[in-house]
Amino acid sequence: MRNAMTTLLLDRRAHPRLKRAVVLTALLVGSLALPLTASAYTCRYRSTAPNGLALQVIKGNSNATIQVPVSNTAETGQTNIIDLSSYIECKNDIPQSYSDYMDLQQATTILSNNFDVKVKARSNEYSVPFSGNANILTLPRGGSGSYAPIPLQIYYYMKEIPGEKVAIKKGQTIGAIRAHHHSIPVEGDYIFTWNFVAANETIVTSGGCAINNGDAIEIDFGSVNQKQLSSTATTRSVSRYIPYKCRSNSVTMGIQLSLVADSPSFSSSLIKTSNSAIGIKTMRGGDALTPYNNAIHSTITQGMGGDNFTFSLLKQEGTTPSTGAFTGSATLIMSAD
């Protein structure tokens, strides 16, 4: 069952005696001294890494910052925040002589305990914040020497009742991991700290109920005469009743509804569309719902609720929008009031 986030579609449609160096792929914060030795343990960004960092390699201990997208859609159950295996892979450069080990020492996020945050190191799950020693990756002596992704994920379990809301800003640090590399035979220890920052603005919640039965809300404005659009008056609108339903009929509480969406350059209160001169206004009665900026209040009674919303087209002042189909998208977020 889909939880409190529902997509809103708005349409018109080396040698073993050498001292071992460690290589880490990362976007560095500050300076880094590189040992002039042969590399025997190498980490790098994977080919799918963002921002042109794919396959880049950096040597030595590091304090690194990695941009990660934060999802604004989720279903009840596990919701991933950070998946290190998507970004970094490592290899043992001298598998005939060494075994390499990487262990998790610390894991934190900005989310409170209401989010039931966990970290999985290999197949073992731990509560976050985590402090201890848990093996993440073992590259054994006699192995292939091929790159292997670091199998570590941080996630939380979405609850089936409206919960805490957290607004995340683009560039905000959302979590951090501290890992320790060592080898057998011993050839030096290395500490890696990875700080993860949000690549986008969004809102997350620790739980919620289904919006529109978990289905996309499709709004079709039909054929629109561009000359009839206004920058102030809502000349083309579509109204829609959107229901809310919890799994348990014992849920009776106040809720908030927030809107996650990009805005057009000419107005931060509208939903952006693929036509740069057109935006979409969202109303619930006399209350405007604007991206990231506010929330409307509603209620769930015995597991049920709903509101009537109106979606209206507005144009950029002083323009005549170009003709053709356009689309837009947004996400409604439910949280506890």
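Cβ from N, Cα, C; glycine included.
Note: TrEMBL annotation is automatic and uncurated.
Given the structure is predicted, the values throughout are model-derived calculations rather than measurements.
As recorded in TrEMBL, the features of this protein are as follows:
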type: DOMAIN; residues: 60-195; note: domain 'FimH mannose-binding'
type: DOMAIN; residues: 202-334; note: domain 'Fimbrial-type adhesion'
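In the predicted model, the domain 'FimH mannose-binding' (60-195) has a mean pLDDT of 90. Broken down by DSSP into helix, strand and coil, the domain 'FimH mannose-binding' (60-195) contains 6 helix, 82 strand, 48 coil.
Counting residue by residue with DSSP, the domain 'Fimbrial-type adhesion' (202-334) contains 6 helix, 69 strand, 58 coil.
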